[in-house]
Amino acid sequence: PLREPSNQHSNGRFGSLRNPVRIFLVPLPLCLNLSFFLRMLTWLRLLSDWIWQDRLWFPAGLGWANLKDRDGQVFAKGRDLWVIFPIAVCFLIIRQIFERTVAVQLASLLRVREKPRVRAAPNTTLESYFCNASKFPSQSSVEELTKQSACSVRQVQRWFRRRRNQERPSQIKKFREACWRFTFYVLAFIAGLGALIDKPWFYDMEEMWNGFPTLPLLPSQYWYYMIELGFYISLLFSVATDVKRKDFKEQIVHHVATILLISFSWLVNYIRAGTLIMLVHDASDYLLESAKMFNYAGWRKTCNYIFILFAAVFILTRLVILPFWIIHTTWVYPLTLYPPFFGFYFFNGLLFVLQCLHIFWAGLILRMAIKFLPGNVCIPKPNHYRVVSWTEIEPSPEPYTTYVV
């Protein structure tokens, strides 16, 4: 049984324990946290109102009110973008099924073979150094490891070389990933071309601003946007398990900038420009992935010819059409219609980031394409390295350097 509180407690600030006021006021920290939470919500609402004010994202006299559905016309809305996350999850599931069924069968049909690898002998000392210190020990570290492991310098170096080879992704894994991306990119390009081929802004890009921002949303545009966004989100979800490329950081920047660009163009109804930008990107990616597939299958000449075709299409679409037609129409032409505003600079700033990445990749592609010219495919080299992606280099057993995708 509870004891009666003493007088000094019963006459305190909150009264006795039997006083209901004391019972409800005891969790004072909870009340303070709730008050802080409500203030945070208020600040976030004010911040959201400031970020999405009309004058930032639209020309003077236009705003979000112009994008309300009316007269049977439907316009893009921010809440539509929530559907990209279920689509991304669906892509991840479909990818796992595709890579384990279709891609494996295609790899077998093209006779993709995995070269046998000699596994490193179990060694606790060397394994601990490999996992915790470095996969590429210095000469002084090798000499120290010889004393700890009772192995010769040659044996330690051979062990680390074999251990590194064990962690290299297999040819089958690379082929499966390339096959998945090839399938999506080629279908996306065909679908995008089908959605845009009969549109006036496909031929006259100034038409993308005709009637802005009250541009009705077409069903083909909706699905083109949602599927492309869902795919790029799925690539970010799977980046930790995919084969890591040498240009990993640049690739992440590209994916993030692309997602921001597509999402922003959807929010402020730059949809016509967005569909053209996505089509330009899809026009060359499937060629690169097909070149990788033939490379992993050992079809060197086919790989080289496709890569040269890819280089030509990449240069044409991303260094000619994108900057001199599309970006020109989004950067120069709008200034003849409206005064500049923040959304104008933000959209073109994202395009500028993408264009810088395109220039960076174009330099790498041209250097590799030159190697594919007659007489430059095989170049003697004592270190026996071969390029297996745009910039990824790994040891090769062949007595020459083969430049492939």
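Our numbering is plain: 1 for the first residue shown, then up by one each step along the chain.
Even glycines carry a Cβ here, placed using N, Cα and C.
Automatic prediction, not curation, is the source of TrEMBL annotations.
What TrEMBL says about this protein:
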TRANSMEM  21-41  transmembrane segment
TRANSMEM  81-98  transmembrane segment
DOMAIN    109-170  domain 'Homeobox'
DNA_BIND  111-171  DNA-binding region
DOMAIN    173-374  domain 'TLC'
TRANSMEM  182-202  transmembrane segment
TRANSMEM  222-240  transmembrane segment
TRANSMEM  303-326  transmembrane segment
TRANSMEM  346-366  transmembrane segment
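The stretch in closest packing with the transmembrane segment (222-240), judged by the count of Cβ pairs under 8 Å and taken from 81-98, 303-326, 346-366, is 81-98. When pLDDT values are averaged over the DNA-binding region (111-171), the model yields 79. Long-range Cβ contacts of the transmembrane segment (81-98) within its own chain (Cβ-Cβ under 8 Å, at least 6 residues beyond either end) map to 179-180, 183, 226-227, 229-231, 233-234, 237-238, 263, 266-267.
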